[in-house]
Amino acid sequence: MDDCEETRPLLVNDEHTDEDRSEQDSYLDKVKNGKLYIATFAAVLGPLSFGFVLGYSSPAIPELSKIQDPRLQLSTEEASWFGSVVTIGAALGGLLGGWIVEKIGRKLSLMFCALPFICGFTIIIAAQNHWMLYVGRVLTGLASGVTSLVVPLYISETAHERVRGTMGSCVQLMVVIGIMGAYITGLFLDWRWLAVASSIPPTLMLVCMCFMPETPRFLLSQGKRREAEEALRFLRGPDAPTEWECARIEEAYKNEEQSFSLADLKDPGVFKPLGIGIMMMLLQQLTGINAIMFYAETIFEQAHFKSSDVATVIVAATQVVFTAIAAAIMDKAGRKILLILSGVTMCVSEAVFGVYFKLTVKHNNSSLASLLTDAQGSLAEQPPTDLAWLAVGSMGLFIAGFALGWGPTPWLVMSEIFPTRVRGLGSALCVLTNWTCAFIVTKTFQNLMDAISSAGTFWMFSGLCALNVIFTAIFVPETKGKTLEEIQARFKGTYQR
């Protein structure tokens, strides 16, 4: 008798869940995605702007290093700060974004972050000294930090589960398109005109977002049901019964605590996604992506490419192609399989990269400049055993692997796993972790090379990529095909299949 009583609720839950899933599929079959795609395009103009910020320094630094005006000419150290100060601004932007996204909403936060983009590039255009250049870079970095937090949230809260992976992956796709755009534009324009061109995407975003809706989940969290239904009608088309989706979101929100307190850190629905999100951002930067990109020009020179400018465009194009592939298959293959495939690919390619440096660099402990010189010299001295093909191949494999999984997926998962009440705070901590780690890795890379050699550095990164695979297999949940409410229920242990 007791056994029957215990099993009866499980049978009821299974029937209820199957009924819900059938109703959900019926609803999604009536959805039209046209305006959702338009809203996503308007939002990802932010990551496009962000990409231009990251790519701007590559063509601008060589010009500013050779410019005749002593007030603007950058030394090696100043050029290093010009490139890396963006990460400091982005870390601050992550904290700021976590606050404003809860205060003024997702839409207005996106419109707000267009302003420091435009102001930053305007200051660079008008720059008369080094400090104007630095201030411009910090402002564009600040905007990039806000963008990297708000855009994934906006997309995850407006897209439904059938296309959320593809739409969310467009964030990283537009970043790498922006980087490639800056590289290509830099082939034809000087640094001031390149800044003018870079200010166009955020201006377009500011205009386009005026006509886009706020996210339904944020509106419901503010008690604005009528506006939430109007937003859903815009996003889902005229044929979908949006009242059903609105009621489902509203019910999940009512069952959730309305405000965050420190006691919530004991809630598995909070501490589990927070731990996973922060670790994914940390491990993304510890793949060594910045180290590989640092070596790109030198490696292409060793492979007898005449123009390193063209080589950087090729690298960026490789990122674009494989990030686009990831976006296309994200909702079919799933997040975990792409993360694992990406981690294995990077682990192997960086191990091979370490072998390349072990065979070509004669002195293990020396400055970065001499390492590069020794590598080039040893190749020149030993033409029969020219290993440039090994470096180019392993670098291409690494970039493809990163773009396929660990490039776009951490940002997508970050936007999916947090409950509404901590979505701003949790995302802010993830963005802060990512950009702080990016700054540390970039600024300490030289010291690391001196301490454990170039080969040792890349073998270390290879080992960390192996750690990525283990972490993904054990801790990262598969979010493909699930609503945001179902993902949260899984963390709390209340999800029924």
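Cβ from N, Cα, C; glycine included.
According to TrEMBL, the compositional bias 'Basic and acidic residues' annotation covers 13-24.
Taken from TrEMBL, the feature domain 'Major facilitator superfamily (MFS) profile' applies to 35-480.
Residues or ranges marked as region 'Disordered' in TrEMBL: 1-24.
Long-range Cβ contacts of the transmembrane segment (36-59) within its own chain (Cβ-Cβ under 8 Å, at least 6 residues beyond either end) map to 82-83, 86, 110, 113-114, 117, 120, 137, 140-141, 143-144, 147-148, 150-151, 154-155, 158-160, 163, 167, 170-183, 185-187, 191, 194-195, 197-198, 201-202, 204-205, 208-209, 211-213, 234-236, 309, 312, 316. Feature annotation from TrEMBL assigns transmembrane segment to 36-59 (among others).
Positions annotated as transmembrane segment by TrEMBL: 79-101 (among others). The list of residues near the transmembrane segment (79-101) in space but at least 6 beyond its ends in sequence, with Cβ under 8 angstroms from a Cβ of it, reads 53-54, 57, 60-61, 64-65, 108-109, 112-113, 133-134, 137-150, 153, 423-425, 427-432, 434-436, 438-439, 442-443.
According to TrEMBL, the feature transmembrane segment maps to 108-128 (among others).
According to TrEMBL, the feature transmembrane segment maps to 134-155 (among others).
With a cut-off of 8 Å between Cβ atoms, the residues of this chain six or more beyond the transmembrane segment (167-185) that come close are 36, 40, 44-45, 47-56, 58-59, 148, 151-152, 155-156, 159, 194, 197-198, 201, 309, 312-313, 316-317, 319-320, 323-324, 326-327, 330, 403, 407-409, 411-412, 415-416. According to TrEMBL, the transmembrane segment annotation covers 167-185 (among others).
Under the heading transmembrane segment, TrEMBL lists 191-212 (among others).
Residues annotated as transmembrane segment in TrEMBL: 274-295 (among others).
Summarising the annotation, TrEMBL assigns transmembrane segment to 310-330 (among others).
Summarising the annotation, TrEMBL assigns transmembrane segment to 337-357 (among others).
Outside the transmembrane segment (387-413), and at least 6 residues removed from its termini, the chain residues within Cβ reach (under 8 Å) are 148, 152, 156, 165, 168-169, 171-173, 176, 276-277, 280-281, 283-284, 287, 289, 292, 295-296, 299-300, 302-304, 315, 318-323, 325-327, 330, 335, 338-346, 348-350, 352-353, 355-356, 359-360, 379, 430, 434, 468, 476, 479. Summarising the annotation, TrEMBL assigns transmembrane segment to 387-413 (among others).
The transmembrane segment annotation in TrEMBL covers 425-445 (among others).
If you look at the transmembrane segment (457-476), the same-chain residues 6 or more away from its ends with a CB under 8 A from one of its CBs are 275-276, 279-280, 283, 286-288, 291, 335-336, 339-340, 343-344, 346-348, 350-351, 353-354, 357, 406, 413, 445, 448-449. According to TrEMBL, the transmembrane segment annotation covers 457-476 (among others).
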Cβ under 8 Å, sequence separation of at least 6 from the ends of the transmembrane segment (337-357): give me the contacting residues as numbers and ranges.
287-288, 292, 326, 329-330, 371, 375, 387, 390-391, 393-395, 397-398, 400-402, 404-407, 409, 453-459, 461-463, 465-466, 468-469, 472-473, 476
Taking 108-128, 134-155, 425-445 as candidates, which has the most Cβ pairs under 8 Å with the transmembrane segment (274-295)?
425-445
